[in-house]
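Taken straight from Swiss-Prot:
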- Ala2: N-acetylalanine (MOD_RES)
- Tyr273: phosphotyrosine (MOD_RES)
- Lys467: N6-acetyllysine (MOD_RES)
- Thr562: phosphothreonine (MOD_RES)
- Thr565: phosphothreonine (MOD_RES)
- Ser578: phosphoserine (MOD_RES)
- Thr582: phosphothreonine (MOD_RES)
- Ser588: phosphoserine (MOD_RES)
- Ser593: phosphoserine (MOD_RES)
- Thr596: phosphothreonine (MOD_RES)
- 27-63: repeat 'TPR 1' (REPEAT)
- 73-112: repeat 'TPR 2' (REPEAT)
- 169-200: repeat 'TPR 4' (REPEAT)
- 331-361: repeat 'TPR 8' (REPEAT)
- 400-432: repeat 'TPR 10' (REPEAT)
- 433-466: repeat 'TPR 11' (REPEAT)
- 468-500: repeat 'TPR 12' (REPEAT)
- 504-540: repeat 'TPR 13' (REPEAT)
Amino acid sequence: MAASSSIVSVAPTASSVPVLPSSCDFSNLREIKKQLLLIAGLTRERGLLHSSKWSAELAFSLPALPLSELQPPPPITEEDAQDMDAYTLAKAYFDVKEYDRAAHFLHGCNSKKAYFLYMYSRYLSGEKKKDDETVDSLGPLEKGQVKNEALRELRVELSKKHQARELDGFGLYLYGVVLRKLDLVKEAIDVFVEATHVLPLHWGAWLELCNLITDKEMLKFLSLPDTWMKEFFLAHIYTELQLIEEALQKYQNLIDVGFSKSSYIVSQIAVAYHNIRDIDKALSIFNELRKQDPYRIENMDTFSNLLYVRSMKSELSYLAHNLCEIDKYRVETCCVIGNYYSLRSQHEKAALYFQRALKLNPRYLGAWTLMGHEYMEMKNTSAAIQAYRHAIEVNKRDYRAWYGLGQTYEILKMPFYCLYYYRRAHQLRPNDSRMLVALGECYEKLNQLVEAKKCYWRAYAVGDVEKMALVKLAKLHEQLTESEQAAQCYIKYIQDIYSCGEIVEHLEESTAFRYLAQYYFKCKLWDEASACAQKCCAFNDTREEGKALLRQILQLRNQGETPSTEIPAPFFLPASLSANNTPTRRVSPLNLSSVTP
């Protein structure tokens with residue numbers, strides 16, 4: 001995106017919303033609390049419940065204000081007084097989700113608050129009808145082209161108001177939402193940026209803007225207001241963009257300046273650790289959060305993902321039952337129950353609960369991705385592809401959906417499609433070894449072996465989660481008859497798994513020892529060959545080969561065959577694996593500069 005397309009000049013707009021000063025200074029927490037309490041009330045009056053809740057939770061984390069410092073409610077304008085009866089009635093209808101009825105009684109109102117509720121009621125009415133049609137007529141996996149029919153009319157009306165500079169911060173927010181829904185992304189970004197300047201304390205505008213930012217470069221070109229709210233926005237967008245180190249630093253700074261009791265910040269830190277697969281840390285933080293806020297449901301689906309990965313059935317069962325008691329019809333609750341059934345390998349039931357979650361909120365990203373995983377388990381690749389595609393429609397930054405699509409096309413033996421989707425996943429998670437190993441396998445199938453080498457080595461260099469990159473790289477060197485490089489990879493693999501004490505599948509370990517035994521035997525390095533052959537005897541699939549090789553080594557030694565001192569060996573075996581401490585010749589480490597990205 002060009003810089004000029006994202007930088008907007010903000011002109012004054014007519015507004016009945018009180019001026020809300022919001023500098024970037026955190027030194028006056030009392031003033032920040034006043035601002036949060038005020039914006040919580042203003043958003044609540046307009047039916048923006050999530051923004052109101054966010055502001056109220058953040059305000060609650062700060063020290064209480066004395067009576068003398070509590071702000072009076074905003075003054076009522078002449079227009080507000082004229083529309084008071086209609087607004088009061090319409091807001092009651094709005095609160096019980098009778099949106100058309102609310103809009104009917106607000107038609108013709110002139111105050112900014114009543115006008116926003118009128119337009120917002122029309123928008124939500126269209127969204128509700130669209131969702132009803134999606135669920136009832138087509139089902140959650142056949143969303144098709146169902147649209148909110150009210151969007152175009154709303155855009156025309158809001159555009160006229162915008163050109164006349166008659167939209168306040170809330171009106172700009174709604175205009176941006178309408179533009180985003182119509183896929184007018186560039187225009188939506190400009191309007192949301194304008195909304196943050198006009199009303200910087202409205203979290204909803206920041207959040208909508210966050211959903212449209214695709215990379216860090218795009219973020220640099222935004223002309224954002226210099227406000228303390230910007231710090232919360234940056235922490236959130238860094239988490240979304242997988243810039244976890246920067247995100248954690250931002251959240252730590254916010255804790256240091258006085259928001260240490262904020263459950264929102266604590267939950268975001270847990271999500272950040274989840275994103276970098278620091279499972280122990282994330283679990284610990286979520287458990288602490290549950291103690292502080294036992295009835296919290298937000299982010300509990302992420303908590304359940306961690307319990308799922310660790311196969312903690314009893315803890316996941318307890319969480320599912322607990323959330324059912326709190327609110328069984330929340331999206332997060334359905335996802336937690338789905339994860340519970342998935343862990344028990346009841347994939348049909350799991351998919352059913354993810355579908356229930358999508359009936360409650362068709363734009364809930366986690367449910368689409370998890371349902372795709374379940375269809376993969378059920379070998380229903382076409383349904384899995386649809387689910388993953390819906391997840392990408394909701395959020396193009398979801399690497400799990402791109403990775404899932406790569407896996408489905410790998411099953412369908414379509415390597416070029418597979419390569420495309422794995423590349424997209426890798427772009428979003430450049431330091432995730434799983435994406436790199438998947439890319440390497442794709443390149444290998446396409447006979448692009450140099451690229452495959454790069455991917456496997458890079459996967460090892462960034463921290464191989466599954467401990468498979470070196471094995472795959474070694475097998476690739478075997479295939480290319482690069483015996484010394486293959487041996488070095490196998491030795492490094494063995495050193496790694498023995499140094500961390502991790503239990504691995506026997507097939508991988510035995511494969512490494514079998515190759516090394518044969519390699520050292522060819523090099524006439526009897527001690528090393530004997531040590532590896534003895535290790536082969538510990539595994540069923542290599543036991544006979546190991547015994548045969550030991551007999552050959554013994555026979556050659558009895559015949560007086562001397563070990564070689566000229567043929568190079570990769571480097572020493574770990575001391576615990578060597579038959580003795582007899583030194584062997586060591587060559588320079590493997591030169592991987594030619595295959596390192």
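Just so it is clear, glycine is given a Cβ too, placed from its N, Cα and C backbone atoms.
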Kindly report the helix/strand/coil residue split of the repeat 'TPR 8' (331-361) according to DSSP, in that order.
27 helix, 0 strand, 4 coil
I'm a bit unsure how to read this: which one of 73-112, 331-361, 468-500 has the highest number of Cβ pairs shorter than 8 Å with the repeat 'TPR 1' (27-63)?
73-112
Coarse DSSP state, helix versus strand versus coil, of the residue listed as 'N6-acetyllysine':
coil
The repeat 'TPR 10' (400-432) resolves under DSSP into 26 helix, 0 strand, 7 coil
Can you break down the repeat 'TPR 4' (169-200) into helix, strand and coil residue counts using DSSP?
27 helix, 0 strand, 5 coil
Can you break down the repeat 'TPR 2' (73-112) into helix, strand and coil residue counts using DSSP?
27 helix, 0 strand, 13 coil
Cβ density check for Lys467 (N6-acetyllysine), other Cβ within 10 Å (all protein chains) comes to 17
